[in-house]
Amino acid sequence: MPVLSTHIPGSERTAAKQSGWLLTLLGITCLLVPQASFAQKKPRIAPDRPVSTTVIDNGAIAQPTQKSDKVVAEETEFTDAYRFLLVDEPTKAVTALEKMLQKNPANAAVNYALATALIKAGKATDAFAYAQKAYQLNPTNAYYLLQVAELYVKQKRYADAEVLYEELLTRGVESMEYGVELAAIYLFDDKPDKALATYDRVEKAMGLNEEITRQKQRIYLKQNKIDKAIEEAERLIASEPADPDFLIEGAELLIANERVPLAVTWLERALKLNPDDPQAHMLLADVYRKQGNMDKSGQELQKVFANPNLEAGMKARILSSYVGVAGDTPTAKQDALKMAQSLVAQSPGDAKAQVMLADLLMQQGQKAEARDAYVKAAKADPSVYEVWGAIIEIDSDLAQIDSVLSHSEKALEVFPSQGKLWYVNGSAHLYKRHYQQAVDALDEARKLLTTNPQFKSSELQGQLGDAYNGLGDYARSNEAFEAALKADPQNDRVLNNYSYFLSLRKENLPKARAMSTLLAERHPTNATYLDTHAWVLYVMKDYAAARQFLEKAVQSDPANVSGTILEHYGDVLFQLGEKDKALIQWKVAKQKGETSERLERKIAAGKLYE
């Protein structure tokens, strides 16, 4: 048995087409109407304006010119009470109407009004007696009947409410509109067949109605009468054969209940009426996707994206949905990319479209192109922090430090309180040796990020140490490095830089040696760390030990041996008296690059300059 869907597709479109004959109940009615008059007429009085009628104590109809002072007083009193209902003060209305009933308890209109006021005051239980009294006094008044019926429904006395509504429907075609409410009560009372019969009676009297048809479809689907639900869809289609909407909604119903071939036929009919309908193409694309026909699915989606009248945001959502279900096949990825490119070509200023394209480009490893699309998205809508984050991350991956600086500065114009942006900006300035700008940015990041539990203060403090060292502010540099090691005593980068800078300044060499020794022991094949330890040993004039670590660096990690390391190796050899070997290493260092300014003099003179 197929899985049933009780949702009627397209019901959200009902408001645009629904007939105007579904009536909501009017409120106060028949104000102070004499009992004899109801045999001749059923007045309908809107709740927003009182109606003045004349009542004589004995119930006879008085002529307008014969109003007594008592009648005028009654009308005034009722009008004043009714006004409380209009201004939403039902408690005051209750008090006033109760006084009126004390004078004339057999007045149906006042009983009805009092019941209405009590309902508005949240006292439906108390209202029932007065509503029932009004109906007993004048059973021909439809509004009195409806009030009692509604209170029965509130009490879940559905059978009693059904009797009243059934009686109301016998009063003629003008009352048949209440059949919709009766059908709803039958559904509450778990009598779906009676609800269906009632809907049929209403449609027979008043014509086809879209909302009633949908209600009938829901009932049939719950009863697993799928063919009946489809028949109702066919009735709607037949009622407006030039409208593709009913065909599309019917196709959704068919797809949900595994009648796919007929659904495809209806969708094709809809597209003959409106070839650009995006919903029809989307449904066909989904059908083909489920059938494993990704080529046809992609073709249908391409038609959606070629539609210039469909707004870009909707296309982006459609594409996002497609990406989520299409899988990772090369064809699916390529189709998605083509659609995204089409979307961007049509709406280049749409930020969501640019982000969608960028995401797809990233999935295919096209980082530079993805970054450019993200940049366009940020230009169109700079308020999305995640887009700036993606841009800067790709800049870093591409080692484009100038771009990191430029984009982080633009992002900070929009998000000046984002510590991570300050951190990235400071790191880029440090890389470019803009030491003062690095200090300024990193210090701002430190202030903003200290309360972030995910913030690794050791890294930031370490970079501050580097920047202060570059400025020659060695006291603050040492302070920052100490703070970094306090936060993380095992931070390799901090241990390396701190010990190296101390050795260059020939300051606190025992501490430098302790840190570099720890690094060398933990990373015995890392050329950079071995060189740092060797240089500390060199400064401490332990040339033999320094030589061992430099040779180990050259042998164990040749890919990362820089000109600096080879220059250091030459310096050590010179100090050990091996001047020819030293000159060879200096020349190789020159070819590698990244050496000191003194290297040329060393080579030219064949001796050491420090």
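Just so it is clear, glycine is given a Cβ too, placed from its N, Cα and C backbone atoms.
Now, the feature entries from TrEMBL:
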{"type": "REPEAT", "residues": "108-141", "note": "repeat 'TPR'"}
{"type": "REPEAT", "residues": "351-384", "note": "repeat 'TPR'"}
{"type": "REPEAT", "residues": "458-491", "note": "repeat 'TPR'"}
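For the repeat 'TPR' (108-141), the number of residues in each DSSP class (helix H, G, I; strand E, B; coil) is 27 helix, 0 strand, 7 coil. Counting residue by residue with DSSP, the repeat 'TPR' (458-491) contains 28 helix, 0 strand, 6 coil. Per-residue confidence over the repeat 'TPR' (351-384) averages out at a pLDDT of 94. The helix, strand and coil residue counts that DSSP assigns across the repeat 'TPR' (351-384) are 27 helix, 0 strand, 7 coil.
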